[in-house]
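The structure appears below as structure tokens.
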Amino acid sequence: MSYFPWLTILVVLPIFAGSLIFFLPHRGNKIVRWYTISICLLEFLLMTYAFCYHFQLEDPLIQLKEDYKWIDILDFHWRLGIDGLSVGSILLTGFITTLATLAAWPVTRNSRLFYFLMLAMYSGQIGLFSSRDLLLFFIMWELELIPVYLLLSMWGGKRRLYSATKFILYTAGGSIFFLIGVLGMGLYGSNEPGLDLERLINQSYPTTLEILLYFGFLIAYAVKLPIIPLHTWLPDTHGEAHYSTCMLLAGILLKMGAYGLIRINMELLPHAHYLFSPWLVIIGAIQIIYAASTSLGQRNFKKRIAYSSVSHMGFIIIGIGSITNIGLNGAILQILSHGFIGATLFFLAGTASDRMRLVYLEELGGISIPMPKIFTMFSSFSMASLALPGMSGFVAELVVFFGLITSPKFLLMPKMLITFVMAIGMILTPIYLLSMLRQMFYGYKLFNVPNANFVDSGPRELFILICIFLPVIGIGIYPDLVLSLSVDRVEALLSNYYPK
């Protein structure tokens, strides 16, 4: 048992160190860049050390617990703790944020504020994944919005203000329902209001109230995850944001919704989840098909990748709705797998459009000749995204398939039907991704821009791409790397649904 406050340090370090950026000497951007990257690296090494030496995989209970009184009059505590569900997400956050900071190297305008906002997001994300108090969870959920809004509205494309406003309206609207749910949970039933997750797990509610609470939380997660029809902020946001912001959005922000769905709706409201799970599976199946076919009609290649993200989130929703050991592990695997693949596709799309100043597919063609390295990596990650065997996307989708098929909750015919719909979605994925590759990279049409200024990706970009490619291949070949983290915790969670 470690009594050292590891998690508090992990949560506070980025935002505290980030606030010191403004006091660094004004000697160009170099100092600020190196300072930010070293903070991200230090944080990532600290979390890796803490999890390697102080976290027991076999123990399904909460570990590295911390509990400090914060606001005494409200009985509000700073409670942190991690288990198998959150370890993977925290490591993903550290990994992607460090590489996104490296990807943001070319940002020179207001670079101090930019890097500070990235570090503030880092703190909020780790705080969310490790919080053990519902109000703290909500605060971290909200803390995320301000940096993302500023990153979008200050460093984006031509329609950045429109997309940033749309993002904040959607997410703030979802958060109102979240807050009502949090207050409803805290004030129900006991004389002492308290939001400790340990206490709330054992709390039972009247069926109507539980369904209302579940629905309130679900709306908030449906915006973040996103679940159709609340997904329309995502393509606009990804189409306009700077690619390092896109990496954080696709890699981590979307996963917060999935994490909340497992952590709060599944754990704290099991009866409502049992009732709603068939609907979740149906929505997930519709989402896979709908987003894949919408993606096919997008002219802007960034928006095409954004819709592919929405489609892949459908697998996570189905895994969570299947209420099986295999399905839920598959959903967690897909959370991490898409975190790597989605972030990289946006990074590649951003670096390519920065070089060409074009985003519409009909204006492109033949880019593979001046940019062979970008072409190779783009093709490789597109293959990972369309679930090529040997890469992480394939394993994740396969495990979710098995989870749905083995679910005792559904009858055979609905299972067959939903599996068929998922299979159609998996056929549409290669169609829209490969047609995008063909339009961008193949052919002889080299556009009106003088081709002399085309540079292929440099060592910094290749380093980022190879760093992400290794875990994608690693998880694809040996999925137990990730599954071993969550498998005991998932079993403990599902014992509420199927008592032995």
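Glycine residues also receive a Cβ, built from the backbone N, Cα and C atoms like all the rest.
Note that the structure is a prediction, hence the values are computed from the model and not measured.
Feature annotations, reproduced from Swiss-Prot:
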{"type": "TRANSMEM", "residues": "4-24", "note": "transmembrane segment"}
{"type": "TRANSMEM", "residues": "37-57", "note": "transmembrane segment"}
{"type": "TRANSMEM", "residues": "87-107", "note": "transmembrane segment"}
{"type": "TRANSMEM", "residues": "113-130", "note": "transmembrane segment"}
{"type": "TRANSMEM", "residues": "134-154", "note": "transmembrane segment"}
{"type": "TRANSMEM", "residues": "211-231", "note": "transmembrane segment"}
{"type": "TRANSMEM", "residues": "242-262", "note": "transmembrane segment"}
{"type": "TRANSMEM", "residues": "272-292", "note": "transmembrane segment"}
{"type": "TRANSMEM", "residues": "313-333", "note": "transmembrane segment"}
{"type": "TRANSMEM", "residues": "334-354", "note": "transmembrane segment"}
{"type": "TRANSMEM", "residues": "386-406", "note": "transmembrane segment"}
{"type": "TRANSMEM", "residues": "462-482", "note": "transmembrane segment"}
Considering the transmembrane segment (313-333), which listed stretch of 87-107, 134-154, 386-406 counts the most C-beta pairs under 8 Å: 386-406
Contacting positions for the transmembrane segment (134-154) when only residues 6+ beyond its ends and CB under 8 Å are counted: 76-80, 110, 113-114, 117-118, 120-121, 123-125, 127-128, 160-161, 163-165, 167-168, 171-172, 175, 178-179, 182, 185-186, 195-197, 200, 220, 237, 240-242, 245, 248-249, 253, 256, 260, 263-264
Candidate ranges 4-24, 87-107, 113-130, 462-482 - greatest C-beta contact count to the transmembrane segment (242-262) (under 8 angstroms): 87-107
Long-range Cβ neighbours of the transmembrane segment (334-354) (under 8 Å; 6 or more residues past either end): 88-89, 92, 96, 99-100, 103, 106, 238, 242-244, 246-252, 254-255, 258-259, 301-302, 305, 308-309, 312-313, 315-316, 319, 367, 371, 374, 377-378, 381-382, 384-385, 392-393, 395-397, 400, 440, 457, 461, 464-465, 468-469, 471-472, 475, 482
Contacting positions for the transmembrane segment (37-57) when only residues 6+ beyond its ends and CB under 8 Å are counted: 2, 4, 6-7, 9-10, 13-14, 17-18, 63-64, 82, 84, 87, 90-91, 94-95, 97-98, 101-102, 119, 122, 126, 484-485, 488
Spatial neighbours of the transmembrane segment (272-292) far in sequence, C-beta under 8 Å, 6+ residues away: 207, 210-211, 213-214, 218, 227-228, 231, 265-266, 307-308, 310-311, 313-318, 320-323, 404, 409-410, 414, 418, 421-422, 424-426, 428-429, 431-432, 497
Segment proximity, the transmembrane segment (113-130) to the transmembrane segment (462-482), 3 or more C-beta pairs under 8 Å: no
Distal contacts, the transmembrane segment (386-406) - CB-CB under 8 A, six or more residues away: 281, 312, 315-316, 318-319, 322, 324-331, 333-334, 336-338, 340-341, 415, 418-419, 422, 426, 429-430, 433-434, 471-477, 479
